[in-house]
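What TrEMBL lists as transmembrane segment is 38-61, 73-95, 154-181, 215-237, 249-271, 278-297, 303-322, 343-363, 369-391. As annotated by TrEMBL, domain 'Major facilitator superfamily (MFS) profile' applies to 153-395.
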Amino acid sequence: MSRYRRFAAATSLTTAGDGVFAAAVPLLAATLTRDPRLVSVVAAATYLPWLLFSLPAGALVDRHDRAALLTRGVAAQAALAAAASVLVASGRLGVAGLAALAFGLGACQVVTGTAAQALLPSLVTPERLPSANGYQQTIAVIGQQFAGPPLGSLLFAVAAGLPFGADAVVLTVAAALLATLRAPRDTAAPRAASSLRAEIAAGLRWLAAHRLLRTLTLLAAVNTFCFQLGNATLVLLATSELGVSTRGFGLLLATAAAGSLAGGVAGPWLLRGLGDRTVLLAALAVNAVAVAAIGLAPGAVVLGSLLAATGLGVTLWNLVGIGLRQRLVPPDLLGRVMGVHRLVGWGLIPAGALLSGVVAHAFGLRAPYPLAGAIRLIALLVALPALLSAFRDRD
């Protein structure tokens, strides 16, 4: 089995584990409390590590063997999931403990996510990179959204600790596969020794000077903030407002995966036929409209359809952004630039999650979605001249 196939098999397992976790955590939070503010705190804890650790993680990815860092991060996730399974089964995990668990797993994902994206270009030829990115997005969708959430919901309905135990097993197998990836190409080109701070600063300077990637990063900050502004209390909207069951919530998440899967499969073809600019702008527009409409959904079927539309838009946006960074950033800076992008682009997610709870508590569970859609649309209109100019300069 080639190194890329082993990598793809391992990431398939980790994304499935992430999907199980993504369904189990909000369900457990909603079991422990019906206060949307506390539920949003748990969601915020999952993403807070991206704000705290993205920059040092990016520098570490450029300093060390990327496959080794990926392996260690996945192994640490497996250990945390195993501990969570025991605590949940024994009834000793409360809201604070669940938030701490979410934070720990999120911290591991900072390293594994950055390392995986930086490692991929060394596993395939440049010509195969768009297809490899599309495949990675597809298996991520299948695992994180299609297979994982329904399985997580089903296991949770059987026993609350079961999805965390299953997550631990899957992640352990993935870590074993990743441990077989070793080659000189995994590491960046040798460079003179420097401090971690200096290396981080180099990544910051490079991204700040690149108009197209800088604009995309700032736009990502707004979009991910708005995504979590709606998503953090989705479990309460579905179960309390629309009467969706525990098992039905997992299936509802899978409808978003259907749109994401379509984006992952069709994305490389669309990029070849329409180009980065057209696909990017269409994806952003679809997302803004669909997110706003979620707040008006009369039932689970309409909600699922709108989630599918957002899934399509998010996947196409990711394909364009990831591909541009992998092609335009020098290999020895890739980890640091990705770290900066994730700090800026994902750093506001905890704030979005917390605001979701506040808005839902004050104005109702539907209120966060029109607000998020309006902010997305305004951001797109503001960024449009800079995006068009940057794409023209690149072409």
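Cβ from N, Cα, C; glycine included.
Just so you know, TrEMBL annotations never went through curation; they're auto-generated.
Keep in mind that this is a model prediction, so the values were computed, not measured.
Within its own chain, the transmembrane segment (215-237) is flanked in space by residues 26-27, 29-30, 34, 36, 39-40, 43-44, 47, 207, 249, 284, 287, 291, 294, 303, 310, 314, 317, 321, 324, 340-341, 344-357, 359-360, 365-366, 368-369, 371-373, 375-376, 379-380, 383, 386-387, 390, which lie at least six positions past its ends and keep a Cβ under 8 Å from the stretch. Contact between the transmembrane segment (303-322) and the transmembrane segment (369-391) is not supported: fewer than 3 Cβ pairs lie under 8 Å, counting only residues 6 or more apart in sequence.
Note on the transmembrane segment (38-61): residues 25-26, 29-30, 32, 69, 95, 98-100, 102-103, 105-107, 109-111, 114-115, 118, 196, 199-200, 203-204, 228, 231-233, 235-236, 334-340, 342-343, 346-351, 353-354, 356-358, 360 of its chain, located 6 or more positions outside it, place their CB under 8 angstroms from a CB of the stretch.
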